[in-house]
Each structure stands twice: as C-alpha cells, then as structure tokens.
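The Fe cation binding site annotation in TrEMBL covers CYS94, HIS136, HIS140. TrEMBL lists GLU137 with the feature active site.
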Amino acid sequence: MARLPILTYPDPRLRTIAKPVADIDESITALVADMFETMYDARGIGLAATQVDRHVQVIVMDLSADADNPAPQVFINPTVTPLTDELAPYQEGCLSIPEVYDTIERPSRVRIEAMDDKGQKIDVEADGLLAVCIQHEMDHLNGKLFVDYLSTLKQARARDKVKKVLKARDKK
C-alpha cells in the first residue's frame, strides 16, 4: 500500500470526469487499498479516485467515529438518486480544499447503487452523514467540488485560504 498525493483546489485535474471501472482487477484492488491509506493518513472520512489523480469511478469512505473500530466502505461505479426534494444543510469540508468549510444543502435521502471491491452489488437507502458524504464524493467523480455551490466571493476566499495553507505546509 502507498499514500497517494491528494490534488488541491484549484488544480484543473479535479474537474476531470471519472470513467466507469470496466473490471475489478488487481489494479483496482490496489487503488482501493492506497486510497484507504491516503484517506486515513489525511484524517478524512471519504475520498474519490479523482482526488488522487486516478480518473475512475471509485469512492472509499469510513464514517465510523471510532478509530479502533473502522467501518471501511467501497463504492465502484456508483449512482446516487435523490429520494426526496427535501434539502438538508450540512457543514462540509474536503481533503482537496484543506481547512475550508461551509454549509451546503443536499437532498436529505438518497439511494446508492454500486459495487464493492469484491464485485458485490450494493443497493442502499441513505440519510444523514452517509447521504451527504456519498453526494460529495459523487460530485468529485463528476468533476465538481463543494465550493462550486458557493458564491463567487466565497470561492475566491477558498482559493486564497488553500494557497496560505499550502504555503504554510511547504515551510514545515
């Protein structure tokens, strides 16, 4: 396993639309393992392959609050369908947009259809954090970022904040 570099906003590669996975082979299994290592190292709860410059439809997540009891989830070739018109606000952040957080409204209940890393079909209804996280990660696979939902002014502030964060990291 290897930690992969995470692309940061406004890197244009984050706008690449991911292609479906044709076959869950050793390269996809290795990618999933590397993505989990990368996500855990960065202390994230979700990561899309696009964020590590791999443009295939793969998402990894772990929404467990207890590091001693991880609950890893893999979604390959996911589709997400809203089950309600009701929107729920949620404070979002992103490993590709470090230290930037804002409230985004998304459908409160969704249906997730995908495959896991063993090729088993997934078909679940989700609400709460799972619904928010899967929609956020799906946006990545479609070349969209959570800051795209914000005003132009807030987007500019996000770019400035990321520059400062990266400059501070480089000094370390």
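Numbers here mean position along the shown chain, with the first residue as 1.
In case you wondered, yes, glycine gets a Cβ from its N, Cα and C as well.
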Q: List the same-chain residues at least 6 positions away in sequence whose Cβ sits under 8 Å from the Cβ of HIS136 (Fe cation binding site), in sequence order, or say none.
A: GLY46, GLU92, CYS94, ILE104, ARG106, PHE146
Q | Neighbouring C-beta atoms (10 Å sphere around the C-beta of GLU137 (active site)) | A | 25
Q: Compute the mean position of the Cβ atoms of CYS94, HIS136, HIS140, which form the recorded Fe cation site, and then list in sequence order the other residues of that chain whose Cβ is within 8 Å of it.
A: GLY46, ALA48, GLN51, GLU92, LEU95, SER96, GLU137, ASP139, LEU145, PHE146
